[in-house]
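Enquirer: Encoded as structure tokens, here's the structure I'll be asking about.
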């Protein structure tokens, strides 16, 4: 770095750190959710996230990265920031310790030295010819605009960095835009909407003519969590032919509070109707988004007499996607020969230990490869990338499908080949076109409630399925989750994707002895990532047994570690 550039870089970092001193008593941590805390305290962390994103772009030779300012399904008073890497996925985990250190640098001098040392260690050419570029988006939270300014100031503290404010967006839109920008395609909101609408329309055009659902097949009521997802769905619903969407908790003034008594997280955990729904909705297919629209669950109001719901969570959404993709591959390769497959593809299903055991068994019974990772989307997504087609979901409704570049290339070649052979009316050709449309419809960068919702609706129409048909894929095993307060959560060490305890060694033996007493019994414990508690998850063939198993194991944890 030239002497004058070096001085300018130092001056900018010291200046911005002085403008955003750390609040007393606050400590920030960058995890799967990025930075997240009370919105009123977040400006210093968001400013430093701006510095972090700009450095990331410089490190990657000027590739575009992104920051979305959101606290997802958290209450309206919270806020935070997530950083998107050039592929649209989450920031490389290797940078997370630096993110923590940067966010908690106690004074301007400490921050400056930290940045200079990290740049040296990582070979980041500060003041080089590269122009860093960071796309910014935010959700509808009242602190969003104020924190956007903090992020902009952080980005501008790196010499050569350039920020582009993309406006109020869902989290998945921002991730999609970052991915698109780096692929050299149009990265605007209008381009995102156009891709969703056109690929959804294409999938409906490929629905066999003999398919017809129940009388409510085209009606869908969506709980928008009073967040950005409801706002965006209102913008495009008129263009989604073949689907009658009614948006509740849409984010309109006075309709409700963001994520309060509504949203995917509320519905999935409480299993009751969100605010704004009534007994008049009995029997209608409903969906719920979370506040920043990266989670999706479906539900149905069970009866007019109470507010309970029949829930379809991320596990069953994953199962629907896997079933559809597997069927299309089977159609393409069903030429009577097991040797010469037209489209050899490795399809992998990725779950965490929290996936309901019934869903895992259903997928394995289909002959699918099911693998497990530790809890956290960053682990699931990374594993899914190892397959030609990787499908992952958490029970909370966050997940997606990723298609390898090589597989997409094979699909395109096969579509041309079948078309030139005058086979464009064949079942194989239609299956190829469905997979191509699916790869355009689903957001491959990150879980996306809007694209996921449209993919679900297209598959239900393709199969001619009602909500009830979907529910009957399998029956969830009853489960129970408990939290046990402990002195030090790090005293528990897990292995095998968090399904087994390696330390303390006696605990796994105790869990195994308890589990063997229950039909379909399964139990694991894992330390929380954010608080000094140990989480206990148990399954069994009845709710009473699941409760009993969870309670017994929780008592062992409390005795050993409490």
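Here, residue 1 is simply the first one shown, and the rest follow in order.
The backbone N, Cα and C atoms fix where each Cβ goes, and this holds for glycine too.
Under the heading active site, phosphoserine intermediate, TrEMBL lists 72. Among the features that TrEMBL reports, Mg(2+) binding site is placed at 72, 290, 292, 294. Here TrEMBL flags 394, 395, 396, 526, 527, 528, 529, 530, 535 as substrate binding site. Positions annotated as domain 'Alpha-D-phosphohexomutase alpha/beta/alpha' by TrEMBL: 59-93, 130-182. Residues or ranges marked as domain 'Phosphoacetylglucosamine mutase AMG1' in TrEMBL: 187-297, 313-465. Among the features that TrEMBL reports, domain 'Alpha-D-phosphohexomutase C-terminal' is placed at 510-555.
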Enquirer: Short question: which residues 6 or more past the ends of the domain 'Alpha-D-phosphohexomutase alpha/beta/alpha' (59-93) have a Cβ under 8 Å from it?
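Expert: Long-range Cβ neighbours of the domain 'Alpha-D-phosphohexomutase alpha/beta/alpha' (59-93): 32-40, 42, 45-46, 49-50, 52-53, 99, 122-124, 130-139, 141-144, 147-148, 151, 169, 171, 174-182, 225, 257-260, 263-266, 290-292, 294-295, 377-378, 381, 444-446.
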Enquirer: What is the set of residues, excluding 72, 290, 292, 294, whose C-beta falls within 8 angstroms of the centroid of the C-beta atoms at the Mg(2+) site?
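Expert: Output for this site, in sequence order: 70, 73, 139, 170, 171, 227, 229, 264, 289, 291, 293, 295, 398, 449.
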Enquirer: Name the residues of the same chain, 6+ apart in sequence, whose Cβ is under 8 Å from the Cβ of residue 294 (Mg(2+) binding site)?
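Expert: Listed in sequence order: 72, 170, 171, 172, 398, 446, 447, 448, 449.
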Enquirer: Under 8 angstroms, Cβ to Cβ: which one of 130-182, 187-297, 510-555 has the largest number of such pairs with the domain 'Phosphoacetylglucosamine mutase AMG1' (313-465)?
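Expert: Stretch with the highest Cβ contact count: 187-297.
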Enquirer: Summarise the domain 'Alpha-D-phosphohexomutase alpha/beta/alpha' (59-93) as counts of helix, strand and coil residues per DSSP.
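Expert: For the domain 'Alpha-D-phosphohexomutase alpha/beta/alpha' (59-93), the helix, strand and coil counts are 2 helix, 14 strand, 19 coil.
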Enquirer: Would you report the average pLDDT that the model assigns to the domain 'Alpha-D-phosphohexomutase C-terminal' (510-555)?
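Expert: For the domain 'Alpha-D-phosphohexomutase C-terminal' (510-555), the model's average pLDDT rounds to 94.
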Enquirer: Please work out the helix, strand and coil residue numbers for the domain 'Phosphoacetylglucosamine mutase AMG1' (187-297) from the DSSP assignment.
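Expert: Each residue of the domain 'Phosphoacetylglucosamine mutase AMG1' (187-297) counted once, the result is 39 helix, 17 strand, 55 coil.
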Enquirer: Using residue 290 (Mg(2+) binding site) as the reference point, find which of the binding-site residues 394, 396, 527, 535 has the shortest Cα-to-Cα distance to it.
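Expert: Of all the candidates listed, 396 is nearest in space.
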Enquirer: What's the CA to CA span in angstrom from residue 394 (substrate binding site) over to residue 292 (Mg(2+) binding site)?
Expert: 16
Enquirer: What is the separation, in Å, between the Cα atoms of residue 529 (substrate binding site) and residue 292 (Mg(2+) binding site)?
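Expert: Distance between the two Cα atoms comes out at 22 Å.
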Enquirer: Write down the Cα-Cα distance for residue 292 (Mg(2+) binding site) and residue 396 (substrate binding site), rounded and given in Å.
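Expert: About 14 Å separate the Cα atoms of these two residues.
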